[in-house]
Amino acid sequence: MTLPFSWITNDVSQCIDLTQDEHICSLSPVTDTEENMSAFKKSLFGKYDCSLNSEDQCLIVENGSSNFVTSKEAQKEAMKADSDICPPQQMAFNLFNETVVQKDMLNKEKFSHSASSNISNKDDAQYGIVTPVTEIPKQFRTVFKEFPYFNYIQSKALEHLLYSDRNFVLCAPTGSGKTVIFELAIIRLLMQVPMPWTNVKIVYMAPIKALCGQRYDDWKAKFGPVGLNCKELTGDTEMDDLFEIQHAHIIMTTPEKWDSMTRKWKDNTLVQLVRLFLIDEVHILKEENRGATLEVVVSRMKTIYSLSHLSEDRKAFIPMRFVAVSATIPNVEDIADWLSDENSPGVCMKMDESSRPVKLRKVVLGFPCSTKQSEFKFDLTLNYKIANIIQTYSDGRPTLVFCSTRKGVQQAASILTKDAKFVMSIEHKQRLQKCANSIKDSKLRDVLQYGVGYHHAGVDISDRKVIENSFLIGDLPVLFTTSTLAMGVNLPAHLVIVKSTMHYVSGMFQEYSETDILQMIGRAGRPQFDSTATAVIMTRLSTKEKYVHMLDGADTIESSLHKHLVEHLNAEIALHTITDVKVALEWIRSTFLYIRALKNPAYYGFSEGLDKIGIEAKLQELCLKNLNDLSSLGLIKMDEEINFKPTETGKLMALYYIAFNTAKLFHTIRGTETLAELVSLISSCSEFSDVQLRANERRVLNTLNKDKNRVTIRYPMEGKIKTKEMKVNCLIQAHLGCILVQDFSLTQDISKIFRHGTRLAKCLSEFLALQENKFSAFLNALILTKCFKSKLWENSSHISKQLEKIGVTLANAMVNAGLTTFKKIEDTNARELELIVNRHPPFGNQIKESVAHLPKYEIKFQQLAKYRATTAEVVLTVLLTNFKQLQKKRTAPDSHFVMLVIGDDDNQAIFKQKIMDSSLFKTGSWTRKIEIKRASKSTNVCLNLISSEYVGLDIQQSFNICYLGSDSFNADLVTQHKSENIFSQEIYKTSTKTKDIADTNWSMRQTAIKCATRECNHNCKNKDACGHECCKVGVSEKAEMKTNFYSYLNDLRTRNSVSSATPVKRLKMQMEAETRNVNLQNFVFTPKPSIRSPCLKIPENILLQAESSVLTNKYKASHQEETCCKYEIKGCGEKQTKGMPKKTCERRNLTDSDKCNSSSSENAAYVTFDLGNDIWDDFDDDNLLDASNISSLTDQHTSEFTDVSFSKNQPVSKSSLSAGHHEEARYNAMSINKDSYRYLNAKSEVFSQENTQCIDVVPSNQKLHGKMFSENTIKHMFTLQEETNYPVTSKMDSPHNGCWSSNIFFKTPENKTQERGCYHQEDETNAFIGIFNGIF
């Protein structure tokens, strides 16, 4: 018996009943060969129109030809592919003509265009026919490779999805395989469009990002081999990456993101390419925020489709199709009516719980709760009842418990471990112990050993992965989690418990939404393991009936668009979708609000009993009220005929997706707000309403706000953190100040805050740019926008954090090393950078290269010689100094630009210009002539060049404009150029009060003062009008004393620049506070008075004469110290005349601090820890041991050093060797004989002290040649020794004579054996061992 269809002529919808008689079917594998592919099945893949002629036959139209097929013939054709499948007793294929349905609908007075299929027969659902995967074309079967047959719900929907293009809505319980419904619709579209499918796009929309991410991973693996590209477009996606969507076939997005994007794509053809729109969890229409957004987005897509298909070729045109799935709801027909249009009525299919693959048992438990008991205490009492519920309903299988808060998750897990144990065996315990050893969280590790775990967003990612894997494989019997897991991670369980139906949102407790409840209980049932599952909801006795009603699917879905109509009306007006009241009403008719207002007007505040005309009048009145609100803020313009035009402000609000309350907040700006006030204003925006202030976060936030022992935020707030606005403000400042926040939940909040904050700050800056009299606030808004994008304050020292591969840790290391500007980083040696950040080469070269390829700007400001009393003409020039270097490589993105802003003391924005880097790459400059009007307060103008993304590239200059009759007509222009880290103080703030004006002028003067100047100490009342030049330009500051470490780094750079290899030895410098002010005078050697030797008989008068001669020569030498020149061993070339001694003073190897100290102690011994550049080149340690073999030096260069008399064993100082010319006169003036031997000893002592301060440096690339001694000198010295028979040991050999300069190396003789015979045995005991100057 063939089941007839019937038209239901009520004013709800038309229903097509496709329920079938009970039948049993056996399944066997099916092969899809060419022979088995019947003509009937082939006809289903083409476009067709069908009309029902009689009960027993239907008309099939294919390619213009018609064939009549009886129901029995159709049945045979359908089952011809597999003879093993038992057909039903009677089966009818009812294919309906869409035009006939349309005519019938127009003839009847009703508001519905949809057809509904009610499938509720339990026996039919259990034993009905299921379709094999081979029903679809072979090239797409890999999408369903995980199963050979579609389930009953999928099989029933396949006929409408695969063989027609009508809009489709499925209402089925959770866990019934609704994802396959979308995949069948995708395959239908691919069958219609030839490869490579470049002109079609598919949009999948889900309420949350977690579902989009799951679907992206799933479909990328399934449809990737077929040839489709998938792209995820959510709130985490950067706006600069949207060009990738142009090459994507399937786009996963959320309603909010798609709404924001389509507001920008009015003229873009990308939206017009969308041919399939998939809506998951469509029952979120009842949610207040997401529901309104989803409703507007679908209505907008319908409008775009209706406008675009008019210009398309009707033969090749593919209509836009909507496919939506929903949980069990009673009024799913209303959704189908909403998605339908006059030409394509939608199909609605309803499935009951009996068709669920895993049967779900739903239990609602009510617990008593007094009115005095808080929600926190009630939630705590439920923790002690969980053990009994698990024991009753779990059957020893995995259990998932949902809690409202993170703290509640941990508390419930801890209590359960005390009440029950879930370890089954020793092996089970060992596996749990192994998992616990890999857990970082100590509390989680403790409970995991008892078979209980917890999972929420605050848990470390690695710990979450371990917990998820343990639960999936069955090692973890009980898992506690928050409700966010129900939306994000797919962890099915046999038993699901919802502990309390209240959760803490926006500072108050609220009931879970129906979507949240359905998602949580939808986790019950594992198709691969279970045939049944259980869901338990724990709630109050007072709300028990509510959730029983909800689980039965009796809650009607209502629209929430009327609560947010004002923002969406503004968006549609900005897109020119709505131009007048008549068009606005037409747009309202395309919404779900209109469908439900006709059926339930009382819910929307309309009177009962209104007809269609009355309801439309009420909707028109609602539109006019919201349009007046938009007009009052200047977001739209309305004329007398009630035509609408968007304003620039209204376009900004629509473009940046700004709430209406936020727009009202922006209109309260006075124009003199500081940076701190703008941060506070943005923190109060409605976009942060979902940020929660948790009790366990207050301590961390208060520490960030005020703490004496730690780094705090830049602008501390008064009192403690008590509101969510204060929390947002604190987190913004902490992140901009590079203050580490270790709390994971706060880190997630920061990510959300900066995502919204960047958008809000950009909108605020463009909003203030439209107003000429708010220069100060506009400039601070530009700076704040850059701060949000770079995540740094505008005066931050952590500018290196903006470079690639440098995070907070490495940026802190560079700040500690003094690298706080891009210029300092660029001037630092690459190897030194690697030492600072502890990285291997070529990391330093990469950092320097990145900085070198950043844009470098300069500004030139020239006033033309056309002086007037009220106006002045100036020429502005912006130079890109390294534009040739940037032709090859650029660090900044192509979208980088600078904003040129000029303002005066009247807070007027004189000039604004956006300059793209791409325009500067051509010629390297940008020039513009502008006219400046004279301000009433002063003639100063402030010029600012603000980078769009980088901190450290901004330029600020202040100019004094000359006008006729001005006091400063002939004054010099005061300029300031800052190439890094400008704006150390706030942009000046103006006010009407005299005191505020004075503060403004002071701030402007601060801008004019250069970096190396300070404000003078004059107490002038008006420093702009006084006669002191220092009041306007400042007073130069003294240069700071450079530290020992700075000198050490400079010396390290110098040595590194000339050294080809790393030094073999290094002398570590001791960084102590005391070493900076060491008085080297304390280390001067004071010789003891000479004692006459009994062996020498020298007359007293000779000694007195000798001592007097020494003092005389010492005085002459000190008198000419100021005019002495510096000599190198290579030679100065000039000889002293008239026997006047000349003292050499070489200080090239001294550090800055040593130079300062040495100047104060002229006669003190100089001690340095600096090895110098000359120490390491051509140096041989082995040859130093033969320092006594100096005879080989006596035969060379005898002409330059003549008549210099030394004791043979007397150590020769470096100064005496290198400055031989002027010391020669001193020694030739003395006659050395037998009686003056002691005189020579005394003179040597004084001489060694005298020449300690004056040393020469041996160049690192030269070897010291032995040209120190003349033959006469050596001969005279040996003769003197033989005549006196005095021991060769001299007093200068004493180790106490450390004042001798020893910064010299002796060249080892080439033939040591030959030279060694020229020495006495005593010579070997007097070896010169000194190596480093000043050490011994």
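Each Cβ is built from the backbone N, Cα and C atoms, and glycine gets one as well.
The domain 'Helicase ATP-binding' annotation in Swiss-Prot covers 159-347.
DSSP assigns G175 (ATP binding site) to coil in the three-state reduction, placing it in neither a helix nor a strand. Cβ contacts within 10 Å of G175 (ATP binding site), excluding its own Cβ and spanning all protein chains shown: 19. The ATP binding site annotation in Swiss-Prot covers A172, P173, T174, G175, S176, G177, K178, T179 and rests on sequence analysis.
Within the same chain, residues 169, 178, 182, 204-207, 211, 215, 294, 324-327, 329, 335, 514-515, 518, 557 sit at least 6 positions outside the motif 'DEAH box' (280-283) and bring their C-beta atoms closer than 8 Å to a C-beta of that stretch. Under the heading motif 'DEAH box', Swiss-Prot lists 280-283.
Per Swiss-Prot, domain 'Helicase C-terminal' is recorded for 388-589.
Summarising model confidence by region, the domain 'SEC63' (646-961) averages a pLDDT of 93. Summarising the annotation, Swiss-Prot assigns domain 'SEC63' to 646-961.
The zinc finger annotation in Swiss-Prot covers 1016-1031.
If you take the C-beta of S176 (ATP binding site) and look for same-chain residues 6 or more apart in sequence within under 8 angstroms, you find N151, I153, M351, S355, R356, P357.
Here the binding-site residues are P173, G177, and the one ringed by the most other CB atoms within 10 angstroms is P173. A simple Cβ count within 10 Å picks out one of the binding-site residues A172, T174, K178, T179 as the most packed, and that one is A172. Across the zinc finger (1016-1031), DSSP assigns 2 helix, 0 strand, 14 coil.
The DSSP breakdown of the motif 'DEAH box' (280-283) into helical (H, G, I), extended (E, B) and coil residues amounts to 2 helix, 0 strand, 2 coil.
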